[in-house]
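The domain 'Anoctamin transmembrane' annotation in TrEMBL covers 221-647. Taken from TrEMBL, the feature transmembrane segment covers 229-252, 264-282, 335-358, 378-398, 421-442, 522-545, 612-635.
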Amino acid sequence: MGLVRTKEKSERGFQTASLSKMKVTLSALDTFESSFTPLVVIELAQDVKEETKEWLKNRIIAKKKDGGAQLLFRPLLNKYEKETLENQNLYLVGASRLRLLLGAEAVGLVKECNDNTMRAFTYGTRHNFRGFDDDNDDFLTMAECQFIIKHELENLRARDEKMIPGYPQAKLYPGKSLLRRLLTSGIIIQVFPLHDNEALKKLEDSWYTRFTLKYQPVDSIRGYFGETIALYFGFLEYFTFALIPMAVIGLPYYMFVWEDYDKYVIFASFNLIWSTVILEVWKRGCANMTYRWGTLVMKRQFEEPRPGFHGVLGINSVTGREEPLYPSYKRQLRIYLVSLPFVCLCLYFSLYVMMIYFDMEAWALELHEDSGSEWTSVLLYVPSIIYAIVIEIMNRLYRYAAEFLTSWENHRLESAYQNHLVLKVLVFNFLNCFASLFYIAFVLRDMKLLRQSLATLLITSQILNQVVESLLPYWLQRKHHAQVKRKVQALKADVDATLYEQVVLEKEMGTYLGTFDDYLELFLQFGYVSLFSCVYPLAAAFAVLNNFTEVNSDALKMCRVFKRPFSEPSASIGVWQLAFETMSVISVVTNCALIGMSPQVNALFPESKVDLILIVVAAEHALLALKFILAFAIADKPRHIQIKLARLEFESLEALKQQQMKLVAENLKEELREGEKEKAA
């Protein structure tokens, strides 16, 4: 449990201090029109018409009762600066302190109260919350402020407009999200939150710039990037430390009992129990963190249709709102008649490439046996390296195809879209990465080749991921940064272009597409470590070494390579928890089968192979039963969290009862008054 705990005292000051600090670094040009702290940038297309800009501005600054967002809005450059600097259709969005507090109530943010409980924030009871002061701007973190602004912008909806002014082809209907329509029409290029350079520098100093073995500042990461990204880094750190026992135990097995498969029974059994315990303990640690952050008790709002969803305009039978409707049978036809055959075709192609790899292995082995030289012994590893590179390329190409297909299936909800996408990608990646290892293990039964292939695939994929995901984008970003700096310094403008430079730099940064690829990388690594642990116990050691550098490279990627992503509240790692648990179940079957196939175990049953099979199956069932018993015995939430959640639910029900009783009493009074009036008449 200590692995998933973070030090609250050392980080509490950081996570709530970022909003006021940004005023220092971004206030240089806040003198045009109403001065405010810019939090979010909207980039419009260069050819957007003036009437469209004016309409958008009016909708953003209009009061809530008039259908606006009641936010602060101004162009990045004033008229003089547009003539001097490069004309950019960039606009800054902010909000007053009161507006942000009311927005926090609207989105259901949960904060800590003075009595140490976690409750949904309301403006009327604001003084009951810890850290709130009428003169203090630090109650909401900057990530929360930007999330509120994003929520308000996304909830700007068409009222009586039939089209976007200046664009007759961009049709609108009542209730349609204006931001989503503007994005799909290409009028708005992008919307992104600004970095706070001073707060970012402090986060970097405590996070990755000093290469020391220490806990990550997960609370500080949450304060700056939000819960979803903080949970990923928390899980990465926890998983890395959880791998250390496997690495320590695996080293002596690798060095001293390499060929004695019967001795691997203890190691494999420990591996299988370990994989269950770490996943169950993570759920408890995750519950502790998300309760402290407020997302565990945050009420889930009714999910709106995703931006790409399209169909015939109609009335939603649940909400009563006007929105696109699409028959589910059409979606099912697309899934089963197009998506499923395509995925099967890709799986077949993956197996075909795998067979080419085995032909290359056979050719390299034959060449080595004929010559026996040193260079041919090195050549034995070349097919595996080439195959590992091809696997990475195929995974990335398939990802694009899977995203296109899942979007084409036209899922109404973002959660349904993500579930179908994850399923497609996981099935292909699992087969693409592990099919060759299963073939070597259970068809060729070549344990030496299995160890060689597993080591090569694991190490090559780790190196490629580090280069492609972090080092190459960082190098390209540095080059672009230098170009922009030279351009700004060459300007003969008598203005302070600090904010201009920051916005132009950040708008050209890549967009962080979420934690999907990061979790996928850990999922495949977990497979390499657990599926064939009895054959290659050194896999955990390589995973630990990779993850220590992965923490720093991912942190660099978040801080310096990509735009700052919007904060997204999360209470867990979602569907990935189920994916890891499924992999741990599959690992029980593979390890039991590998041990049962070993020559040493086979020698114990020289006469009857049926007895051997029965014993292996019985051992596998016993280990699976033990896994499920452990999963049941280890509660997902600690006892004190369960009590707090139950108390909150009880208080909510009591408050609802009182509200209903009050309503009934008011109705009775009204009926009595009506009766008295009738008698008097």
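Every residue gets a Cβ built from N, Cα and C, even glycine.
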Most Cβ pairs under 8 Å with the transmembrane segment (421-442), selected from 335-358, 522-545, 612-635:
335-358
Would you kindly list the residues that approach the transmembrane segment (378-398) from elsewhere in its chain, counting only those six or more residues past its ends and only Cβ-Cβ distances under 8 Å?
346, 350, 353-354, 357, 360-361, 363-365, 367-368, 425, 428-429, 432-433, 436, 452-453, 456-457, 460-461, 464-465, 468
Short question: which residues 6 or more past the ends of the transmembrane segment (264-282) have a Cβ under 8 Å from it?
1, 4, 235, 238-239, 242, 245-246, 249-250, 253, 257, 526, 530, 533-535, 537, 577, 580-581, 584, 587-588, 591-592, 594-595, 598, 623, 626-627, 630-631, 634, 636
